[in-house]
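Below is one structure. I have some questions about it.
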Amino acid sequence: MTDTLTIVRPDDWHLHLRDGDALADVVGDTARQFGRAIIMPNLKPPVTTTAQARAYRERILAALPAGTQFEPLMTLYLTDNTSPEVIREARASGFIHGVKLYPAGATTNSDAGVTDLRRCAKTLEAMQEVGMPLLVHGEVTDPTVDIFDREAVFIDTVMLPLRRDFPALKVVFEHITTKHAAEYVRDAEGPVGATITAHHLLYNRNALFVGGIRPHYYCLPVLKRETHRLALVAAATSGHPRFFLGTDSAPHAKGVKEHACGCAGCYTALHAMELYAEAFEDANALDKLEGFASLHGPDFYGLPRNAGTLTLTRSQWQLPAEVPFGEQTLVPLRGGEMLRWKSV
């Protein structure tokens, strides 16, 4: 039995940091474990220009704890009106590493998202031309489609036409949750990758209803059946270079999670690598964690691997029940419970 695991310092390829006082409270959790992170642009207002991304990046760097080595990899929010010129400027910046596709209304702060991807054809052509990755929230928002089917329908109605029309466009299918998505990414032609969250590796949709409604397990895309969880575990632990770590850690104040109309998102930045270690250990695949967490992501994005390391030890510890979040608190996933791995 392995009691200590040292890996190349990992990166988080899907992260929400928020802004203001909340940003200052959460960014240190990520920077403690990860060398870099892809920063989601769904602020209010959304980050749609290079100038906005530069300003947000500066706020992130200013909020880091003293002595921290961490690089925020910025993204832009794709809208119906994003122009090819915006893409070229972003690529030339050197600090913007992707453009995020949110179907309008799909998740938190996605109201300004794309209503019809066909409106973005010239912009997608520019992205393909300059090598700018498209980061996709892969769910349709048609209210007639069952919420548990929205990812599979997205593959058929959006992803397949997108790949046909822009075969050289680098696409990241973010936070995949289904067997369909795992198989699609594994078998697709061209530059396609996928991030997988710790919570989708560890839990199925039953976790939402154990003894009552469990709002801190509510995220989008929602947790799926056990057959889908097992398929995600198989993909993550396969060693296939198209699958890599993306926490989708999404902090929300306790009051808006424990609410009649609660927000979607699980906060895992505080204990991300500990959760992934549990998932990989449960699958008897700790030897595959380094590739998934530290190697596949930078290789896909064409970035150098980190020079440092992260060590995890087998050690029981209790996760805080709540942590500060601006003027309020937030509840991390499994808050107050025991974990069996600890990053040092």
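Keep in mind that glycine also has a Cβ here, set from the backbone N, Cα and C atoms.
Below, the features straight out of Swiss-Prot:
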- Asp248: active site (ACT_SITE)
- His14, His16, Lys100, Asp248: Zn(2+) 1 binding site (BINDING)
- His16, Leu17, Arg18, Asn42, His137, Leu220, His252, Ala264: substrate binding site (BINDING)
- Lys100, His137, His175: Zn(2+) 2 binding site (BINDING)
- Lys100: N6-carboxylysine (MOD_RES)
Could you check which of these recorded positions, His14, His16, Lys100, His175, Asp248, sit within 10 Å of Asn42 (substrate binding site), going Cα to Cα?
His16, Lys100
When you measure from the Cβ of Lys100 (Zn(2+) 1 binding site), how many other Cβ atoms are you left with inside 10 Å?
26
Non-local Cβ contacts of the residue listed as 'active site' (under 8 Å, 6 or more apart, same chain)?
His14, Leu15, His16, Glu174, His175, Thr195, Thr197, Cys219, Gly265, Cys266, Thr268
Could you say whether, by DSSP, His14 (Zn(2+) 1 binding site) belongs to a helix, a strand or a coil region?
strand
Which one, from the binding-site residues Leu17, Leu220, Ala264, has the smallest tally of other C-beta atoms lying within 10 Å of its C-beta?
Ala264
What residues, ordered by sequence, lie under 8 A Cβ-to-Cβ from Arg18 (substrate binding site) and sit at least six positions away in the same chain?
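Result: Val26, Leu43, Pro251.
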Just the number: how many Å between the Cα atoms of His252 (substrate binding site) and Lys100 (Zn(2+) 1 binding site)?
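With the alpha carbons as reference points, the distance is 20 Å.
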Give me the CA-CA distance between Leu17 (substrate binding site) and Lys100 (Zn(2+) 1 binding site), in Å, as a whole number.
15
Near the Cβ of His137 (substrate binding site), how many other Cβ atoms are there if near means within 10 Å?
25
Near Lys100 (Zn(2+) 1 binding site), which of the binding-site residues His137, Leu220, Ala264 can be found within 10 Å, Cα to Cα?
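Near Lys100 (Zn(2+) 1 binding site) by Cα: His137.
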Least buried of the binding-site residues His14, His16, going by other Cβ atoms within 10 Å?
His16
